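Only one structure is covered here, and it is reproduced in the block below.
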Amino acid sequence: MSAALPAEPFRVSGGVNKVRFRSDTGFTVMSATLRNEQGEDPDATVIGVMPPLDVGDTFSAEVLMEEHREYGYQYRVVNMVLEAMPADLSEEGVAAYFEARVGGVGKVLAGRIAKTFGAAAFDLLEDDPQKFLQVPGITESTLHKMVSSWSQQGLERRLLAGLQGLGLTINQAQRAVKHFGADALDRLEKDLFTLTEVEGIGFLTADKLWQARGGALDDPRRLTAAAVYALQLAGTQAGHSFLPRSRAEKGVVHYTRVTPGQARLAVETAVELGRLSEDDSPLFAAEAAATGEGRIYLPHVLRAEKKLASLIRTLLATPPADGAGNDDWAVPKKARKGLSEEQASVLDQLAGHRLVVLTGGPGTGKSTTTKAVADLAESLGLEVGLCAPTGKAARRLGEVTGRTASTVHRLLGYGPQGFRHNHLEPAPYDLLIVDEVSMMGDALMLSLLAAVPPGARVLLVGDTDQLPPVDAGLPLLALAQAAPTIKLTQVYRQAAKNPIIQAAHGLLHGEAPAWGDKRLNLTEIEPDGGARRVALMVRELGGPGAVQVLTPMRKGPLGMDHLNYHLQALFNPGEGGVRIAEGEARPGDTVVQTKNDYNNEIFNGTLGMVLKAEGARLTVDFDGNVVELTGAELFNLQLGYALTVHRAQGSEWGTVLGVLHEAHMPMLSRNLVYTALTRARDRFFSAGSASAWQIAAARQREARNTALLERIRAH
């Protein structure tokens, strides 16, 4: 092979020498012999997502050449197709291949097969398997295992090769096989856009493959998929549960560049096929008649919204009681001790209601009230469950109440098959206290309330002025208007002296912070060179362990990725490292988990410190939970010196450095800066521009399209 490092992927063929590591997701590290017209590398390190491989397997692949600081040159697989024959067709090679890859064949039998048939054994197994009965030791039962094993491998090879022939990468092809099974190729040949049903593959990817194959731009399959994509994106990017029909049609036009008439037909077709749903509820008939358009949902979102409204109505309409129909909730005088009148009213509301909402801004005593509720419930002999959407928020809830709290997912017993606790097997609590409810979308709220036992109570705690949830829906806002709700308004003396809390309450009235306090200040920076300036400010404030950087966006000169690059360069410089989702991680780096990992008990948003980096493995300390991560697990990590404000929701730090500039204009809103500011306990410093804060303070968020409140009130 050439000693130079080509910038673009190139083609090679090769054979497997040794598989060193393989994860459940297909991420593999192996030693292989690679060759192309430029030469041969007899002991190449090859990494990436690959089909199941064993010693002796042959393949063709598209690879990128990289240089690792510790391990030297390695080849990263972009795409790979497994061949049907081993590289070594000698007697020893055939024997090794049969032993490793063909079911029912051990070392002795493999040697006999190789000696009897040599390289012809593969064709015979495919075309005339009965001849194997000539080999001593092969019975009808053994032959059946051999043929079944070979057929299964052949099917998988043909599937993967066929899918890659459609233009899919090996990673996409394996995902498709996992999702559709043996029907994967047939399904995608009939409609390539069914690829969008596969987790992690969206319309834009499928459309790129479609256009590369010369597919018609006005094909109904393409337009229907675009209509579904418009609704999916409305949920994931804007949190909408539905779109007015005209907005859905505009989405189709935007993503496909077809005419409005074709887009209208696409939405109609998607509804007829059941891939979208139009809400035909009498509740919205007058609106539809007046506007001439209905509300378009993804079917599962519409079902969830209706079911959630039904559950909430049941909780509001039924009295609290134990399994025998009794209720002994009483509020003695001592339970009110130290509480204001509005705080104590929460205890009284829980006497007669199963579902109560507690809201309020910083410094108003939500934590004190929550602890008082838990104390009273336990004094009455009730089982109390405490949870929050994220691990950090759960830890904070546990600290303020003096009890064990968990994530919502853990409390509900989340596993591969979903939640263990549901309406059939409710969670074993008489009272559920849920904090940071502003982070919960409709889907998670539905799972939570479905697991509430008959007669049990729920206290939902949150701040309606914070950022809305990442997921679709806005359940806290609806519940705060439909359920018994106590909004704490009194800011307590000690909190009132905190300039951060003063500024937070000012933001709610559209006022930008009054900078200039030693605990609340702003440094003007520009996007050009701004990330470097932020890194220097972090150093002045004591380094990454003493301050958390927050920013509205991931991308851009003042986005999370660029800030992390400069922060890592200043505080943990070096070359190489282990590849993660963005960049590389080295010992000493701060990282953040971006997905729940129940096997390792690491939850979305948890910060960790890299202790060790070896090969393609990282050892990370997540608040005392030391885990070794490898393969696809590494791509659930990002550098965590800087976080987005959304990622920081539910967390709190002593000192926060918030980056805010007009460069973040699409994201600037009152809820965003209020959430960023209230992540700081003691000191908040901003890098950016005062005018950006003024713009954000004056700008309310776009209303979300959700009908939850209307459905709750409809009965």
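Using N, Cα and C of the backbone, Cβ positions are placed for all residues, glycine too.
Keep in mind that this is a model prediction, so the values were computed, not measured.
Listed in Swiss-Prot:
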- 1-150: region 'Not required for helicase activity' (REGION)
- Q343, G363, T364, G365, K366, S367, Q466, R493, R679: ATP binding site (BINDING)
- 407-414: DNA-binding region (DNA_BIND)
- 596-604: DNA-binding region (DNA_BIND)
- 644-647: DNA-binding region (DNA_BIND)
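Counting Cβ atoms from all protein chains shown, Q343 (ATP binding site) has 23 others lying within 10 Å of its own Cβ. According to its DSSP assignment, T364 (ATP binding site) is coil.
Reduced to three states, the DSSP call for Q466 (ATP binding site) is coil. Sorting each residue of the DNA-binding region (644-647) by its DSSP state yields 3 helix, 1 strand, 0 coil. Non-local neighbours of the DNA-binding region (596-604) in the same chain are 390-391, 407, 409, 414-415, 622, 625, 627, 629, 633, 636; each lies 6+ residues outside the stretch with a CB under 8 Å from one of its CB atoms. Sequence-remote contacts of a segment are chain residues at least 6 beyond its ends whose Cβ falls under 8 Å from one of its Cβ atoms, and for the DNA-binding region (644-647) they are 467, 470, 550-554, 560, 592, 605, 658, 672, 675-676, 679. Around Q466 (ATP binding site), the C-beta neighbours below 8 angstroms that are at least 6 residues distant in the chain are S438, M439, Q649, N671, Y674, T675, T678.
Take the CB of T364 (ATP binding site) and look out to 10 A: across all protein chains shown you find 24 other CB atoms. Residues 385, 387-391, 394, 420-422, 427, 432, 434, 440, 444, 447-448, 451, 596, 598, 603 of the same chain lie 6 or more positions beyond the ends of the DNA-binding region (407-414) yet place their CB under 8 Å from a CB of it.
Cβ environment of R679 (ATP binding site): Q548, L550, V645, A648, Q649, S651, E652, W653, V656 lie under 8 Å away, each six or more residues apart in the same chain. Taking Cβ-Cβ distances under 8 Å and a sequence separation of 6 or more, the neighbours of K366 (ATP binding site) in its chain are L358, T359, G360, V461, D463, L488. Summarised by DSSP class, the composition of the DNA-binding region (407-414) is 4 helix, 2 strand, 2 coil.
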